[in-house]
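Data first, discussion second: the structure below is written as structure tokens.
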Number of protein chains: 2
Amino acid sequence: MENDIQKKFLEYVKKINHYKQAMALMAWDSRTGAPKAGVPQRAEVLGTLSAEVFAMSVSDQMKDMLAALDKATDLSDIVKKSKEHCQKTYDRNTKIPADEFKAYVMLQSTAESVWEEAKEKNDFAMFQPYLEELVSYNKKFIEYRGYEGHPYNTLLDDYEPGVFTDTLDRVFAELKTALIPLVKKVSDAKKQPNTAPLYAYFPKENQEKLSHAVLTHIGYNFDKGRLNETVHPFAIGINPNDVRVTTKYNEHDFRVALLGTIHEGGHALYEQNIDHELIGTPLSGGTSMGIHESQSLFFEKFVGQSLPFWKNVYPILKQHAGSQFDDVELEDFYFALNESRPSLIRIEADELTYCLHIILRYELEKGLFEGTIEVKDLPRLWNDKMEEYLGIRPENDGEGVLQDVHWSSGSFGYFPSYALGSYALGYIYAAQMKQAMLNDLPNFDQLLEQEQIGVIRQWLTKHVHRFGSLKKPQEIIADITGKSIDAKPLLSYLTEKYSNLYELS
Amino acid sequence: MENDIQKKFLEYVKKINHYKQAMALMAWDSRTGAPKAGVPQRAEVLGTLSAEVFAMSVSDQMKDMLAALDKATDLSDIVKKSKEHCQKTYDRNTKIPADEFKAYVMLQSTAESVWEEAKEKNDFAMFQPYLEELVSYNKKFIEYRGYEGHPYNTLLDDYEPGVFTDTLDRVFAELKTALIPLVKKVSDAKKQPNTAPLYAYFPKENQEKLSHAVLTHIGYNFDKGRLNETVHPFAIGINPNDVRVTTKYNEHDFRVALLGTIHEGGHALYEQNIDHELIGTPLSGGTSMGIHESQSLFFEKFVGQSLPFWKNVYPILKQHAGSQFDDVELEDFYFALNESRPSLIRIEADELTYCLHIILRYELEKGLFEGTIEVKDLPRLWNDKMEEYLGIRPENDGEGVLQDVHWSSGSFGYFPSYALGSYALGYIYAAQMKQAMLNDLPNFDQLLEQEQIGVIRQWLTKHVHRFGSLKKPQEIIADITGKSIDAKPLLSYLTEKYSNLYELS
């Protein structure tokens, strides 16, 4: 009997997974050259498939299976974790009344277009009532769904399971305290890099070849993937045997494609190396946005922006580029590549300043959901914090509080985990992994210099990739480091790297 | 009430259509660069989606709706024709016992791999028992499904609705009688073209640009489609706003890409110009393989292999090619492009000889299903007919009876309509359309010379494209010509063209 229910359940989730694979392919296609005129039809087809996935996730059949699995003993680990996953989705999708959710979806779509206009006009007041309503809906949803400790935790949990405000408050405070003075020192440093050669003309065809070469160099398997051009680069795992990377080419800044490809390649390595045993279950993807970003950042920062890596790759770069680097010493190139400079716009920020952009948003979001901050005060608070953290102040709301699309679509809880996962949580994770890795592979730098990235990748596969979503983020970090989430390794890395680069005293 | 059932039915078929669109995208993807290692997973996902489509096509809900629609009066034309379409699918999918069909599917897959080996070893005897079983299954299925007139008609009807052996016997006899002596005269002609310049090196990048230019030239809308490289070229309509063309590049024979692109472009023009009213119904694709091929052949032959077309395009070709055509007169180029020469292998045949390859297969298939031919006699009959029709005899079964994959997968009835649609039925249709078109557009040649292909395309859209599957093949032909299917226009065209080219007396 218990085997029966496990088998039935696995077949059911496999069907959901198959629909999701079809949807993932459509998502990839829509951003890699699908015909413009096909947009409305594609949306309809996606709508049909996602409605089906939704219906299956909240069906009576699902409900009964979850109840039966609750009573069953002796479940396999895969079934147990898959069940937890489905239970979470079931709860999320059933606790909010359908009519309220529908109204919310309509609000999202209106709010997005209002935001677009407001941003263009630098007019926060125009967007304010919509943002207020979005926050208020989310507060209600949090009440329906319930929360542990802090109401914001429920939203955080959607992106970074089990990582809550207590952890974020702690690590972000630590980061902030150390980063604000470091950023200031770097800005004031006498020694500054010459970045002019980075912007020389670099033909797209050559950049394509370079991207292919570098992806192969870091161990991306082209039998299980492909590289295509797009406008907003992403990596997507349809299944572990079909993980696609996209990139974009800027002929006057080759870093966009090169570092972007390595970044997306890091995501792709994660997905390509998930255990095949997990295929067809809800566990066959990365476990959280933060852990996902830790892999892309590991490869982008600790590999792609490191000096030992460039000892090998600089000649390859020169081979594909024109003559722009002929007279540039490796060390000067490396310094230019790692330039840091405070800026108002998050998506243009460098690795040293990026975290502060995220912490700013985290503090504002958290305040909104605990009720200590009102929507109308956001523009002022935004600008004050920007000045405090980065020493620059926006001149208008378009380059301030209105710069990101996320709030207009109701994506709260997204910054700390994803984009911050991108540069804070993920970066924190990556630095913790790197520190632990050095215990096993103290010759990390030599491995890079000797083109043995495979050894590094295998370490990550063993400790992170293969588990897919079998482990939660904190579990992965604990199993690797024996500790909880900790900002110190990242701070040491940034302090040392930027002190050396900018010759800070 | 009747409006309710119509609405319910249209929603139901729309869901089926959406699944099919997702499957069409997967099919396109799998042949345009999808990762190799993803094959098994892709097959599983396709399996899930097609099982769902199958289940919906034979569900009790479908059965009840079909019955209700039968009783309803005042159905819209779209509902009526969609209902006919679903009824046909329902009947086909329910009349064959599931276990027999399953056994047949397994046989197909075994037979294909046996065929592959047999072809390589030129060993028909090895393949014979499998082919016998495939034929015997199909005979049984025909009994289950029922037939009108001739048992083979049921199979023909799958590909070319309503076109049966009586029509094919008549038009093929006419074609054969005229083509056999014409082919012989062309082979014996004193004047022969110089084809050497066709095979000069022509870089792929340049061919890509040429293919783009020529697709635009014939009116393919890149907002509603895209062009990609593949191994076995095809066009695929995901929906009328997303119709994709693929091609392949041979750097030592530019015709492969150029004429191939025009051919697939003809298919694509059909699908792009189907009425948007039909989107989401079973009628939003071409009505039959034969009519589909009539559109690709119309553009490939009557446009792309015509002299007035090349008056415009020859300079474009020269611009993208190297110097190979510098000393070649347009008329000599045109003659070379239209060279005809009997050959053993169908897929290498030219437009004049191709029909005879198809007629040969038609006669053998029909004989198998009426019981006048046994599988064991196929190799001998094949070779005899080849000698009689084309004056050449295969030296072994690999270049004879074993050359095509189709029979090994049980695709009987496919040649007369599709591949023959390709070059006989479709070609016959296309020639009938051209003749009728000349009544409305007597200046056809001037339109091509003056780059006014749009006028020709609009004529085809008005009389063929926009109807999708609303009309059956014979209806389309009757509405255009006032007559039934007729080989004479094609024969006149071929006789005149090749008599002129080869200066036959």
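Sequential numbering from 1, following the chain as shown.
Positions of Cβ are set from backbone N, Cα and C atoms, glycine also.
Around the Cβ of A:E264 (active site, proton donor/acceptor), the number of neighbouring Cβ atoms within 10 Å comes to 27. The annotation active site, proton donor/acceptor is assigned in TrEMBL to A:E264.
DSSP assigns A:H267 (Zn(2+) binding site) to a helical segment in the three-state reduction. If you look up TrEMBL, you'll see A:H263, A:H267, A:E293 marked as Zn(2+) binding site.
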Tell me the Cα distance separating A:E264 (active site, proton donor/acceptor) from A:E293 (Zn(2+) binding site), rounded to the nearest angstrom. 9
Are there any residues in the same chain, six or more apart in sequence, whose C-beta is under 8 angstroms from the C-beta of A:H267 (Zn(2+) binding site), and if so which? A:A235, A:V245, A:G286, A:H292, A:Q295, A:S296
Near chain B - the recorded positions A:E264, A:H267, A:E293, filtered by Cβ distance under 8 Å: none
Counting only residues 6+ apart in the same chain, whose Cβ is under 8 Å from the Cβ of A:H263 (Zn(2+) binding site)? A:P233, A:S296, A:L297, A:F299, A:E300, A:G304
If you count the other CB atoms within 10 A of the CB of A:E293 (Zn(2+) binding site), including all protein chains displayed, you should get 29
